[in-house]
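What follows is a single structure, written as structure tokens, with notes after it.
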Amino acid sequence: MLSNPVIVESLVVFSIVLCVHFVVWNQLSWCSIALAIQAFYVQHKWDRLLKSGGAVFQFRPSANSGIVPASMVMPLLGLALRERCEASGNVYFERFSMVITVTGMMLALFLSLIALGITRPVPTNTCVVAGLASSAVMYTTKQTLTVSEVIEVLEVLLIFVYLSLIVLYLLPRCFTPGEALLIVGGISFIINQLIKRSLNLTEVKGDPVNYFLPVVVVGSLLLGIFFTLLFCFMESETWVSSLFFHMMTAVLALGIIMPWLSLLIRRHPLTWLLDFVTLNQKRLYLLAYWVLLAALASMVVLHQNYRRASGSKKHQASTVVRKYFHFIVVATYVPGLVFDRQLLHVASVACLAAFLLLEYVRYFRIRPLGQLLRQLLTLFLDERDSGPLILTHIYLLLGMSLPIWLFPGPCAPKGSLPGAGGLVPYAGVLSVGVGDTMASVFGSSMGEIRWPGTKKTMEGTATSIFAQIIAVAIFLIFDGAINLNTSYTWIVGSIALVSLLEAYTVQIDNLLLPLYLFILFML
């Protein structure tokens with residue numbers, strides 16, 4: 001059994017679920033455990049569908065469905081946030097966290113229903129387990145959420161249904177079912193929250209920084225869907241189409257995104273951004289430092305492409321070369337986390353917008369940069385970039401940024417969380433920047449003993465855990481806001497569990513690992 005990586009991956013996720021409920025136990029805990037059990041049954045059926053080619057959409061090949069690890073992220077995230085907000089007495093965000101938990105459960109149940117509906121013959125035992133889990137979730141939802149909150153959950157589910165059909169049809173082989181649940185579910189939740197706040201402008205309040213991410217996500221999504229549908233009927237590589245692309249992008253940015261942001265933050269976004277960036281000299285120094293690192297990353301890309309041009313045309317960047325970018329990103333994020341997290345938040349959102357725009361330019365071959373980007377980035381492809389999009393660098397950015405974007409500022413006493421919670425913003429740096437990098441570099445170069453059923457090595461995992469513990473000690477020295485309060489055992493245990501998940505999962509670890517470490521640190 002332990003030679004089957006899918007089963008071991010599920011056991012690690014179950015262990016994380018039990019750890020969360022060991023600390024947090026409420027009326028939704030039984031539902032969360034039931035959801036994990038039914039997700040395990042459904043994953044087995046969906047994996048069989050993927051192997052036989054019976055799935056409706058084309059998912060990423062050479063990977064399992066990933067239903068178990070993806071299904072538990074949003075429910076556990078909501079439970080962890082609720083625990084913090086309840087302790088701080090923030091009733092609004094406590095209720096909001098309950099909505100996140102139930103929304104995650106409903107999205108996972110809907111995906112399970114789809115899997116069971118297309119499985120032939122219909123798996124009776126799995127249907128019974130899924131039915132029991134659904135009944136428990138429905139009953140508990142009725143007892144814990146208000147009518148308006150239930151409507152909010154249904155709105156997210158409706159957006160998820162239509163958005164899934166669009167994304168999976170237009171982007172075949174880009175995601176596994178679990179990755180689609182995680183990404184499309186998150187985008188659906190962001191869209192619903194942005195619409196809700198835009199329709200209730202009198203109730204809009206809070207830090208303007210928090211409104212940049214949802215507007216950028218929704219704007220980028222609208223841009224991508226519009227041009228994907230448009231270029232189904234016209235050639236995208238001509239100068240006329242490229243000019244139209246740039247004009248429509250400018251219209252979207254200046255005619256929709258800017259006014260939308262102005263309504264939410266009650267100021268012109270550009271003047272606010274200028275005042276925000278020039279607030280003090282430290283921010284200018286950080287920006288200059290980040291520009292230098294961006295130039296260094298560009299030089300790495302150009303140097304590797306020069307080597308390919310002067311050598312074999314089939315030359316591909318090695319694992320160690322790809323991890324250069326992990327080191328550069330760590331060098332980018334750590335100073336921002338230590339000195340100015342708000343600036344890092346805004347800068348990472350701006351970087352996400354730039355990455356998405358450049359990917360559209362590459363995907364549609366928009367002149368003059370489209371073909372050049374296609375040639376430069378194909379060097380760094382791996383087996384996970386099997387679809388029409390190249391998402392590796394975007395996943396890296398998301399993995400490092402998600403703990404910063406999700407950090408529960410309103411529920412944190414004086415801007416920081418005690419104990420392991422002080423490391424919450426560093427979850428991406430630890431799991432992806434340090435842990436995943438060390439595991440890949442040392443595992444591929446010196447590892448000999450492999451985990452059963454995988455290509456990962458025990459030496460790589462051990463090095464990953466050790467490197468993350470050293471990184472925590474370094475953060476303690478340079479960041480005075482971190483106070484672990486003797487929670488060392490929980491921190492080491494959390495790092496070890498997430499590192500073991502990295503060894504066995506074939507999902508996008510840049511997304512999964514930071515989220516699970518974030519959840520464990522929140523407790």
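Glycine residues also receive a Cβ, built from the backbone N, Cα and C atoms like all the rest.
Just so it is clear, the model here is predicted, and its values are computed rather than measured.
TrEMBL tags one of the stretches 46-64, 65-83, 179-197, 426-444 as transmembrane segment, and that stretch is 426-444.
In summary, the transmembrane segment (345-365) does not lie against the transmembrane segment (465-482): fewer than three C-beta pairs, each 6 or more positions apart in sequence, are under 8 Å. Simply put, out of 96-115, 153-171, 243-264, 284-302, 96-115 has the most Cβ pairs sitting under 8 Å from the transmembrane segment (12-42). Between the transmembrane segment (426-444) and the stretches 243-264, 323-339, 488-521, it is 488-521 that has the most C-beta pairs under 8 angstroms.
Beyond the ends of the transmembrane segment (96-115), by six or more residues, the same chain brings 28, 31-32, 35, 38-39, 42, 45-46, 49, 65, 67, 70-75, 77-79, 81-82, 85, 130, 133-134, 137, 141, 144-145, 149, 152-153, 156-157, 160-161, 177, 181, 185, 188-189 to within a C-beta distance below 8 angstroms of the stretch. Sequence-distant contacts of the transmembrane segment (243-264) (same chain, six or more residues past either end, CB-CB distance under 8 Å): 197-198, 201, 204, 208, 211-212, 215-216, 219, 222-223, 226-227, 236, 270, 357, 360-361, 364, 366. Among the listed stretches 323-339, 465-482, 488-521, the one sharing the most Cβ pairs under 8 Å with the transmembrane segment (386-406) is 488-521.
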